[in-house]
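Colleague: Quick one: structure below, then a few questions.
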Ligand code: 5GP
Ligand code: ZN
């Protein structure tokens, strides 16, 4: 069923605590944790507790959780003290855009200059 945990999903396992992660913040609907391969001094992933393969399917099914994730990204930016220096939030959607983990997640990147457009 849509949103149900997937036994073969790495990020569902992080939500369950089966795979360890450095948790930054948790809410009823979201978990924020440090990326294992950080691309910037601040690199945090904000994910929904429910399983959807990407942000588009989450937005279609449960748009309120997309709002929760964006609200959390602001909290993370404040905690990491990048809210004034600038930070980037990204949903890679589809393998052509670099998505490798198919449980929706928002990257929060900051703490260094970020070029635009990205590569
Ligand atoms: P994507 O490429 O799908 O947008 O992003 C997936 C992100 O998950 C990557 O930045 C990758 O470094 C991160 N990642 C992959 N495996 C793990 C893991 O086991 N733990 C954590 N904390 N991050 C992971
Ligand atoms: Zn999942």
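Glycine is treated like the rest: Cβ placed from N, Cα and C.
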Colleague: Which range is it, out of 93-97, 98-102, 103-107, that shows up in TrEMBL as motif 'Histidine triad motif'?
Modeller: 103-107
Colleague: Over the span of the motif 'Histidine triad motif' (103-107), how high is the average pLDDT in this prediction?
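Modeller: The answer is 98, the mean pLDDT of the model over that range.
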